[in-house]
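*Asks:* Quick one: the structure is below, questions incoming.
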Amino acid sequence: MPPMISTDYIEVAVTLPVNQTFVYGIPDALRVDACPGMRVLVPLGRRRVTGYILAEKKESGPYKTKDVLDLLDDYPLFPESDIAFFKWVAGYYIYPIGDTIKAALPAGLDCMDVSCAFVTVKGAQALEAGGLPHEEAGVLGLAAAKAGISLKSLSRRDPAGAAILRRLEKKDLVRISAVLKKETAGIKTEKFISLPKKTPSRQIRMSVKRHKILSIVREAGEISLTSLKRHVPTAPNLIKPLAQAGWLNVVSRRVFRDPLGEPVTPNTPPELTDEQAVVVKEIQTRADVFSPCLLVGVTGSGKTEVYMRLVADAVEKGRGAIVLVPEIALISQTERRFRARFGDKIAVIHSMLSQGERLDQWRKISLGKVNIVIGARSAIFAPIRKIGIIIVDEEHDYSYKQESGLRHNARDLAVVRAKMHNCPVVLGSATPSVQSCRNVVSEKFFKLELTRRVNNQTLPEITLVDMKKYQGSWGTDSIITPELGRGIRSCLEKGNQALIFLNRRGFSTFPVCASCGKTLGCPHCDVTMTLHKGEDHYKCHLCGHTLTSDIRCPDCGTGKIRNLGFGTEKIESMLKTLFPDARVARMDQDSTAGKGSTLSILRQIRNRTVDIIVGTQMLAKGHDFPAITLVGVICADLSLSLPDFRASERTFQLLAQVAGRAGRGEEPGRVIMQTFNPDHFTIKAARNQDYLEFFNHETPFRKALMYPPFSRMIQLKISGKNADKTRDHARLAADRLEQLNTREPKAQILGPIEAAIRKISSRYRWQILIKCVSSVNISRMVSAMVRDPAIQKVKSVSVVIDVDPYSLL
DNA sequence: AGCACGCCGACT
DNA sequence: GTCGGCGTGCTC
Ligand SMILES: [Zn+2]
Ligand SMILES: [Zn+2]
């Protein structure tokens with residue numbers, strides 16, 4: 001157990017966007033159980049909020065302190081040693097410390113006061129009598145129906161809601177009071193039943209059911225109520241009188257929810273290849289020092305086995321391990337293999353888990369029951385005490401970057417955390433990021449390689465098809481070229497599966513008015529709508545707004561819409577026409593929206609009940625499809641022309657990844673990539689599956705324009721509902737930055753510019769880009785800028801800081 | 001963030 | 001005259 005608080009005061013970080021911590025007094029009754037890493041309920045202003053104990057304090061400082069109201073944990077959620085890490089993260093990402101900790105912890109652990117309106121007796125009478133103004137009756141009815149309504153949810157419904165409520169309060173029809181909103185994730189307890197040591201003297205009537213229960217309990221020794229219910233469904237009612245008469249002992253105990261089914265028995269590791277053994281050895285010799293390693297291994301070269309050896313080795317030495325994997329729907333192949341190897345010694349943090357299940361995985365770690373964790377980006381915050389190794393699989397993957405809230409990059413944080421724990425960190429990939437390659441060149445990382453595939457599979461053969469040849473062709477040839485068509489046919493004739501990739505969903509992606517020529521745009525966003533035939537409407541992919549499929553042009557009022565442009569849904573229907581005997585399935589965000597649909601599509605692929613599978617990048621990651629021998633890429637350059645310095649890298653990674661889906665089984669694979677730019681270095685490098693070729697071509701561009709990894713970059717995203725106010729605020733922010741840009745080496749401030757997508761969900765968007773070779777200077781000036789009251793006080797415009805942005809769009 | 005305070009326009 | 005709008009500032 002960690003050291004308890006021994007002082008009269010504690011330092012607390014509250015979950016609010018404030019850049020400071022607060023000092024509270026701690027009553028003796030709470031102090032005996034309190035320690036850093038626990039949550040407390042504290043008064044702040046005139047409400048109660050959740051805070052995290054950071055440290056003990058001998059003095060209150062210059063403030064008049066308030067007392068902690070309650071201790072919300074009986075065991076710390078994170079070790080005291082992690083606080084330094086959280087502070088580092090908060091500083092680096094320029095994000096409030098309390099919010100940083102909240103983002104790091106499992107969700108649903110926040111309690112706070114929420115203002116709620118309750119209908120008074122007078123209000124109920126008034127509602128029944130009628131005669132109230134329409135809107136007042138509406139709000140009152142809502143509050144009555146829900147037995148109290150929070151002010152926040154009301155003003156979300158209707159911006160005028162708060163004003164109406166105040167009127168009602170004045171008339172004494174509602175009462176507004178603070179209600180403590182409890183955490184939504186909790187610890188699960190279960191009842192366990194056993195026989196008492198001595199048979200009770202008190203006799204009760206013994207029915208058949210009661211006898212049965214007693215005999216089951218006698219046999220089991222101790223049994224949970226849940227398993228007892230499986231034998232006797234009415235057990236909960238039956239045990240009560242038995243327990244009261246002393247015939248049974250019933251205790252409530254905390255349990256961990258097990259989301260992954262029955263625990264697996266650990267399997268035995270296979271023999272390592274010579275190459276694998278060398279890599280493992282190299283990293284093991286650096287076991288007790290911070291040593292970042294880039295492990296480049298072609299698909300199928302056995303990286304996962306190397307990871308598992310390193311993790312097992314760290315555990316043997318009494319230390320823990322963190323394994324990061326890309327975020328995908330369902331559990332990935334890598335996660336499954338780790339679980340098979342380490343059984344119940346490993347915690348799994350995955351987006352498919354419920355809040356409570358995630359909390360339990362976290363608690364298992366913080367209680368020291370397990371000291372290995374595998375999971376997507378949030379697992380980098382897992383409360384492992386003495387980390388012996390950190391693994392980042394597919395380190396180039398974009399899902400390591402969180403694109404909302406605390407915009408961290410888990411891959412970068414892995415390196416930081418490894419440094420704090422003096423341990424190796426292994427970044428593995430077949431196609432490493434430009435950033436990591438650069439770190440090898442600059443000798444920040446050392447590089448290890450796995451060049452041979454374990455079972456001697458051959459790498460897929462990749463051919464390019466120039467789509468320019470078929471521009472204006474008849475029928476479907478311009479989209480599914482004859483080369484790709486022939487490829488699919490021969491793949492199907494051999495009884496294999498084909499995967500067709502297009503990173504754009506929907507049926508028609510470019511609806512245009514036949515009479516005035518205007519595109520059909522979203523009324524809330526600055527993008528065109530997409531026709532979804534299955535759902536029979538036009539949909540905006542940014543805000544979700546829909547328009548009926550039979551709509552006339554809203555601009556001229558009469559024109560019919562011509563549905564140009566194509567997405568996965570259209571490719572699916574074209575393939576069904578071209579190959580009427582083939583079974584075609586589609587996997588994208590639309591086809592996997594329903595619960596269980598992802599699983600059912602994956603099962604179809606695995607059981608070979610589909611022949612052609614069309615999909616978006618969802619198909620590119622994490623799942624193994626052994627029967628796929630052909631991968632067709634409809635348009636390799638879709639993401640190439642985006643106005644973003646990482647467009648090439650993203651395209652290269654995506655193409656390399658999809659290509660890797662071909663030939664995972666016995667038969668060699670084939671990849672056909674259709675492109676308008678067959679001579680572009682990105683496409684060529686993807687065809688050659690050569691990350692170094694890509695790196696060598698991309699590096700000069702980045703260097704010339706001072707883009708990462710040759711500089712640090714921070715992007716400010718300024719948005720608001722009012723176009724003029726947003727623009728003015730963006731200009732103000734840029735002015736402040738210019739004023740703060742005094743230290744050498746100076747930063748380069750670009751903008752403000754209007755974002756490429758000028759409006760999303762009725763919010764106008766502006767951007768400022770800051771580049772600087774000095775990490776310290778760029779961080780200092782941006783922190784100072786956001787702390788400026790002139791910037792902070794304007795609440796109708798939001799300023800979001802994206803440190804090391806992945807995409808600038 | 002949320003909540004109160006305070007200062008100005010358009011209503012009784 | 002006040003009711004209620006929002007801009008400003010503070011929370012240990
Ligand atoms: Zn028109
Ligand atoms: Zn929209």
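Backbone N, Cα and C define each Cβ position, glycine as well.
Okay, so TrEMBL annotates it like this:
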BINDING   A:Cys513, A:Cys516, A:Cys553, A:Cys556  Zn(2+) 1 binding site
BINDING   A:Cys522, A:Cys525, A:Cys540, A:Cys543  Zn(2+) 2 binding site
DOMAIN    A:284-450  domain 'Helicase ATP-binding'
*Asks:* Hey, for the Zn(2+) 1 site built from A:Cys513, A:Cys516, A:Cys553, A:Cys556, who else sits with CB inside 8 A of the CB center?
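*Replies:* Sorted by sequence, the hits are A:Ala514, A:Ser515, A:Gly517, A:Lys518, A:Arg552, A:Pro554, A:Asp555, A:Gly557, A:Thr558, A:Gly559.
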*Asks:* Among the binding-site residues A:Cys513, A:Cys522, A:Cys525, A:Cys540, A:Cys553, A:Cys556, name every one whose Cβ is found under 6 angstroms from ligand 1, counting any of its atoms.
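*Replies:* Near ligand 1, sequence order: A:Cys513, A:Cys553, A:Cys556.
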*Asks:* Among all chains shown, work out which of the binding-site residues A:Cys513, A:Cys543, A:Cys556 has the most CB atoms within 10 A of its CB.
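*Replies:* Its Cβ has the most other Cβ atoms within 10 Å: A:Cys513.
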*Asks:* Quick one, of the binding-site residues A:Cys516, A:Cys522, which Cβ has the fewest other Cβ within 10 Å?
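*Replies:* Least crowded of the binding-site residues A:Cys516, A:Cys522, by Cβ count within 10 Å, is A:Cys516.
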*Asks:* Would you report the average pLDDT that the model assigns to the domain 'Helicase ATP-binding' (A:284-450)?
*Replies:* 95
*Asks:* For ligand 2, list the binding-site residues among A:Cys513, A:Cys522, A:Cys540, A:Cys553 whose CB atom is within a distance below 6 Å of it, in sequence order.
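*Replies:* Near the molecule: A:Cys522, A:Cys540.
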*Asks:* Can you check what DSSP calls A:Cys513 (Zn(2+) 1 binding site), collapsed to helix, strand or coil?
*Replies:* strand
*Asks:* Write out the long-range same-chain contacts of A:Cys553 (Zn(2+) 1 binding site), meaning residues 6 or more apart in sequence whose Cβ is under 8 Å from its Cβ.
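*Replies:* A:Cys513, A:Ala514, A:Ser515, A:Cys516, A:Lys518, A:Leu520, A:Gly559, A:Lys560, A:Ile561 - these are the non-local Cβ neighbours of A:Cys553 (Zn(2+) 1 binding site), listed in sequence order.
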*Asks:* Within its own chain, what residues at least 6 apart in sequence put their Cβ under 8 Å from the Cβ of A:Cys540 (Zn(2+) 2 binding site), listed in sequence order?
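*Replies:* Listed in sequence order, they are A:Cys522, A:His524, A:Cys525, A:Val527, A:Met529, A:Thr530, A:Thr546.
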*Asks:* Under a three-state reading of DSSP, tell me whether A:Cys543 (Zn(2+) 2 binding site) is helix, strand or coil.
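*Replies:* Looking at the DSSP assignment, A:Cys543 (Zn(2+) 2 binding site) belongs to neither helix nor strand, so coil.
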*Asks:* Tell me the Cα distance separating A:Cys556 (Zn(2+) 1 binding site) from A:Cys543 (Zn(2+) 2 binding site), rounded to the nearest angstrom.
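*Replies:* Between the alpha carbons of A:Cys543 (Zn(2+) 2 binding site) and A:Cys556 (Zn(2+) 1 binding site) there are 24 Å.
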